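Listed in TrEMBL:
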DOMAIN    B:67-279  domain 'ABC transmembrane type-1'
TRANSMEM  B:12-34  transmembrane segment
TRANSMEM  B:71-92  transmembrane segment
TRANSMEM  B:104-124  transmembrane segment
TRANSMEM  B:154-178  transmembrane segment
TRANSMEM  B:199-220  transmembrane segment
TRANSMEM  B:260-282  transmembrane segment
Amino acid sequence: MRLSKVEQGLAYAALLLFSLVTILPLLLAFFTSMKGDDEFSLQAIRLLPLEWHPGNYVRALEMGDWLTYLKNSVWVTSIALTGSLLFNSIAGFAFARIAFRGNLPIFLTLLAGMMVPAQVIIIPQFLIMKSIPLFGGNDWLGAGGSGWLDSYYALIVPELAGAFGVFMARQFYLQFPKALDEAAYIDGAGYLRLFLGIYVPLSGPLFATLGIFKFVGVWNDFFHPLIYTNSASMRTLQLGLQTFRGEHQVQYNLLMAASLLISVPIIAMFFIFQKQFIRSMVASSVKG
Amino acid sequence: MQKGWNRFIPYFLILPNVLLFTVFILVPLLWIFYLSLNDYTMLNAPKWVGLKNYSLLLNDSIFHQAVKNTALYWIGTVVPSMLLGLVLANLLSMRLKALAAFRALIYLPGVISSVAVAMTWLWMLDPLQGPVNSLLGLIGIDGRNWLQDPATSLPTVIVIGIWTGIGYAMIIFLAGIQSISESLYEAASLDGASVLKKFWYITVPLLKPMTLFLFVTSTIRSFQVFDLVFVLTGGGPANSSTTIVTQIVGASFQEYRMGYASAMAVFLLALTLFITLIQYAIGSRNQAGE
């Protein structure tokens, strides 16, 4: 849309105002994270710290078992990410490119599962996790112990599948020309070689979209770790932050430092892969 | 179709997804109905009680409060976030230079985890030291303990919910606007249409499918609100900000009333399906009309 100078000026002003409103709490959190402890007792309204204390970040880190939380988050996120990319793309490939009995009904059933909110099925999921046989002190009938609860399995395994990922992969591979498959079959390549040799190398955009989706979902997940884990050594960063708050609530400078620290990976990802991020969010709407 | 054992390969390829779907979605889905008809504390075997849990639900005033709060959260967040998102998307679509920067800044609260968001607002709203009350003090308004006052706890959570939801709505609307053909606007300009007229007669009607999608997904998401509430208020004070999912989690994982909590979950599922069905009905009617 072409605009007059006045209209453009107004648009800029409105956007500036809005961005300021959305970003202000984060900005204030940053300033607060740099304030000295004694500044809070002054009760004076100051945006900027009187003195800058970047050391707050180190102090916040020393006050919690962040290394464990970080390790858990990185471990869970990276395995869930890798595994789901593999399983989703290979299933999407099968649904899109291979004619087999039950293809469409199975696909549609998976798709319907997308509508089930995680919170609705959390209770039976918890009971299933608790009853996985031969894990966590369980016997072969799944009784006696805690199964997969309070372990990486509970946080990772359910994330390895996902109707959304399969759906996206199928849509993506449907656009490929049929001739591609035929040429490969004439060469005597099987499904797996076709997938790994030709489809995977062309899947960059798909992996970016799905990968970002999964990364944000698992890294930021609070609900599942809260329900599935209880020992301190299994906490992810999100749970760790909640624990930290419980222990040091009044020390807002440190609480803000910790909050910003655990958000750094996702903010960095967002700024580096902004285009893919946006595409990933928009992709989630195509099914509408 | 290929011959021999090759025929089975596609089934192997979809096996991981089908297996995990069965174990972690399909079985839980059936189980939730079964559990809702039982009393189950995890210590004894489930005891069949028929519809008792549902009749308890009908008379549970705290659950009624939770449903009411969830509905208020839904009304309070979805429409304002979408309206603001639509306005911002329009501003951003005006070929401004700093588009990417503005888009990133406005979307940023949407990528940060709900726990970190909640922490930020706990500080903003701290009754003694927080910037919100300090600023209000400057203009002579006595601030209060927003999150711990039964009168303001839910509205405060709603405002924060709006803040986190604007970015997503904006991005979706922006993508929609960018897919509208430029020539429509140019033709309208030739006819002397103002910016507002173009917005009302071109943008709004063509964004209808995206609006429906956003409305439905945001609605469903708002029904599931938990993280923000849990960290900000814990559902309190005096259940003033409790929601359906807060009640489900409380009943199941704090009180171990698994059957009763399952009945609540069935209610949430029914609500979600109802909205999804409406979406299909409207969606297919629109398609038939085109």
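Glycine too: its Cβ is placed from the backbone N, Cα and C atoms.
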Contacting positions for the transmembrane segment (B:12-34) when only residues 6+ beyond its ends and CB under 8 Å are counted: 46, 262, 265-266, 269
When counting Cβ pairs under 8 Å to the transmembrane segment (B:154-178), the leader among B:71-92, B:104-124, B:260-282: B:71-92
Surrounding residues of the transmembrane segment (B:71-92) on its own chain - C-beta under 8 Å, 6+ positions past either end: 99, 102-103, 106, 154-155, 157-158, 161-162, 165-174, 176-177, 199, 203, 207, 211, 214-215, 218-219, 222-223, 225, 243
